[in-house]
Every structure is written in structure tokens, then in C-alpha cells.
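Structure record follows, encoded as C-alpha cells.
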Amino acid sequence: SVGFKAGVKEYKLTYYTPEYETKDTDILAAFRVTPQPGVPPEEAGXAVXXESSTGTWTAVWTDGLTSLDRYKGRCYXIEPVPGEEDQYIAYVAYPLDXFEEGSVTNMFTSIVGNVFGFKALXALRLEDLRIPPAYIKTFEGPPHGIQVERDKLNKYGRPLLXCTIKPKLGLSAKNYGRACYECLRGGLDFTKDDENVNSQPFMRWRDRFLFCAEAIYKAQAETGEIKGHYLNATAGTCEEMIKRAVFARELGVPIVMHDYLTGGFTANTSLAHYCRDNGLLLHIHRAMHAVIDRQKNHGIHFRVLAKALRMSGGDHIHSGTVVGKLEGERDITLGFVDLLRDDFIEKDRSRGIYFTQDWSSLPGVLPVXSGGIHVXHMPALTEIFGDDSVXXFGGGTLGHPWGNAPGAVANRVSLEACVKARNEGRDLAAEGNEIIREASKWSPELAAACEVWKEIRFNFAAVDTLDPS
């Protein structure tokens, strides 16, 4: 019959197109789909494509007023996941016109919006995204990037060192600033606000900013090195967040910080633009990420959240440690660390990378390894992450038996020893303990640190693992 035909039709008739050849401008997504019993994979894959682009559950007459072929998502390949019954990777291509330029928020609202509550799927996880250069060019990305940061700080050829000030809640501003000063004076490059330090009754943000700035200037004067403190500008409103960033700029400090998932991508991108315009570096904390990324069969993989952050903007981001107390398997972690730092990353399923990603010269982001690490981990961290990283030791600095400054000294000595050994061609993986032991002979601070933490290990299997290939 001619004209509009009402009724429900199968998704796969419109949205499953195995013959489709992807375009260079398409955004490509890899979803891990677990269909409900009785739902064929083609129907499930097509449903993902439909519900995250143009589709609705029934035919509507306004479909006739547009060109579905131009705007619809297409499921173009489905492959079973090895070792899993009834789980598939569905590849979906989205036309570029379906997204607003320069908006991570809009990209996520489409791709990971309502579709995650869809009844025909038992579970759904976004494993990876291929962002085309045409879309990347609409983002400003990190305010400065790795090279500019090194030039600003005048620090080359080694990872940077930081320390989160603990206890995270309850210190007064003056005592907090004192802890910052001691760590910076001892040899760290940065100290850091904890992610949940914003502006609470025991320490309002303005007081904290002032005392931390004092600590920075005092430590700089005494060490001759450039120092910084990640001043957390995260706030309840965007206006308040920018107000805090403005005050940081007026104090002349080098870096501010934001919790990008709890604060949201819109706020984060606004802050990144402000930081670029005003010469502030931007440190990003990923609080709430595990809510989204920890389950293997549902949610969004962190490599996607990391790509989104590079688009939205940030100069540092926490990225797991491989060796500390928080989640992170080595190959997977190194996969998204490369996605953060490098300009071109080849598809590599052994590291969980589903697509080749070309960043077309968008600046890189420094990965921050933090969480349960201490001096004995330094050889492994130096070997795994290389020079372009920040290693943040909170308890691993402040927990030193002699105090904060000696804790900082121990970290700096162990780092310099590892970098020196590596530059001399020694194998950090094999000789790490020996390198630290040698250095501790002439550094009593390091020897004391080794004595305290020599037996500490967080040995649990990672929850998020690679599929058997």
C-alpha cells in the first residue's frame, strides 16, 4: 500500500546493515550486548543503534519528513564474545550530523542515553568509541597538554610527583597549608586537594586557597623549583566553580582541579576553556567512575570516559595504578594511558582497544597513578608509565614515620634513583628492589620508608579483565 504504514516493526529491518561501509566521519561505537533470552543478537544490536539515534518503538508518520538514512545509527557488525554465552560485541556507526559540535554532553546523551534502560537487553556496556577527526576538530581539548606543561614547570625527563593531603576532611586551612608546604619543601612537585574537599564548614575554599598559595611560594623560594597545589574548584554551580578558578588565577598559582564526572561535562568544558584562556593547568579527578565502569557487562568502559575527558579538556587525569589499591589491569590500563597521551593509537584488541584513534594533534593528557602506592612501587610505576605521568603518593608521603617532609624526600630520592637507573640501561622490572635498596643506603628517609611499607600489597584480582581471544 502507498503512504504511511502504522505499527511496530522489527528494529533489525531498518537498523541492522551488515553491508554498510563506515565513513571517515562516522562516530563508531563498540557495545557489549547481553540480550534477554529469546532476543536474537541482530535484533538486540539493531535496537541499540535505533534507541541511541533516530528510532522509537513504533513507526511514526513524521519519519516521512526526514531522511532516516542520513541520520540513523547503523549496527554494521556483530561478533560473539569468546568464552561468554549469549554476549556479543555490536558495532554501531553514527552519522556525524547527529551530534552537536564541541559537546561531549550531547554525544553521551545520544550514545549512552535511554538505550541503557532498554528492556530487550539484560545488560549493555559501551566498550570503545572511535571519534573521527572531523568531530575532534570541534573540541579545544586539554587546556595546555603535556609539552606546554613541562615548559611551564621547567621539569623534564622524569615523571612528576604529587601527594594528596590527608586526612581528606577535618583539617583547618592553616594546618592544611602547612602540610602542603612540608611536602613541597621535601621535594614533591605538587600537592593535591582530595576530590571531596570543596568548601565545607571546617575549611572554606577561600581560606584554603590562600594558605596553599602561601605554601607554594614559600617552598618555591626555598627550593628554586616551580611548585603547585591542585586547588579543587569543583562547586555546586558553574558560576561558583568559575569564581574559584578566578581567585586561583589572581593568587598566581599554576594549577586548579575539577571532579569531571560528578561536576559534569558541561561544567568541565567551561572550566577547561577558562583555564586555557588564563594560563591555568587543569587537574582532573575521576570520582564516580567506578559506578559507571567497573562492571564488566554493563556501563561504560573507562577508556571511553578517558577519551571524553581529552575532548572536554584536562591536563592530568587519574588513570589507575596497575600496582596500588584501586582497580586496573596492566594491559587495559596501558591501552587507555596511550589513548590519553599519544596522537595516533592503533586498534589492538589485546589491550581492549577496538578502534584505531587519530587525535589529529589534540594535546595529550598526563595520566596520574594514585591509590595505595609507596616507594617500593616506584620502579614498577616508572617502568609501566614512563616519563609522561604523575605519581601521586598520599599516605605514601604523609604516612612516613618521621613526618611529611621526610616522606616527600623518600619519594623524590626513589624516583630519581629509578630514572637514573633506567637511563643507565638497567632493567627496572628485574632490579627494582635492588635499585631502591642501594639508594636507601645514602638516604635515611628512604630507608625508613622502605622499613614501614616493605610488606604492603593489595593483592586482589582485577574485576575488569580482557576477553579470552
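Just so it is clear, glycine is given a Cβ too, placed from its N, Cα and C backbone atoms.
Feature annotations, courtesy of Swiss-Prot:
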- K166: active site, proton acceptor (ACT_SITE)
- H285: active site, proton acceptor (ACT_SITE)
- N114, T164, K168, R286, H318, S370: substrate binding site (BINDING)
- K192, D194, E195: Mg(2+) binding site (BINDING)
- K5: N6,N6,N6-trimethyllysine (MOD_RES)
- K192: N6-carboxylysine (MOD_RES)
- K325: site 'Transition state stabilizer' (SITE)
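The residues near the Mg(2+) site, meaning same-chain residues not in K192, D194, E195 whose C-beta sits within 8 angstroms of the mean position of the site's C-beta atoms, are T164, I165, K168, D193, N196, V197, Y230, N232, M257, H285, in sequence order. If you check the binding-site residues T164, H318, S370 against K192 (Mg(2+) binding site), the ones with a Cα inside 10 Å of its Cα are T164. Of all the Cβ atoms in the protein chains shown, 9 others lie within 10 Å of the Cβ of K5 (N6,N6,N6-trimethyllysine).
Using a 10 angstroms CA-CA radius around T164 (substrate binding site), the recorded positions that qualify from K5, D194, E195, H285 are D194, E195. The subset of recorded positions (K5, N114, R286, H318) lying with their Cα within 10 Å of the Cα of D194 (Mg(2+) binding site) is empty, i.e. none.
Taking only the Cα positions, the spacing between K166 (active site, proton acceptor) and the residue listed as 'N6,N6,N6-trimethyllysine' is 65 angstrom. A distance of 7 Å separates the Cα atom of E195 (Mg(2+) binding site) from that of H285 (active site, proton acceptor). In this structure the C-alpha atoms belonging to H318 (substrate binding site) and H285 (active site, proton acceptor) are separated by 6 Å.
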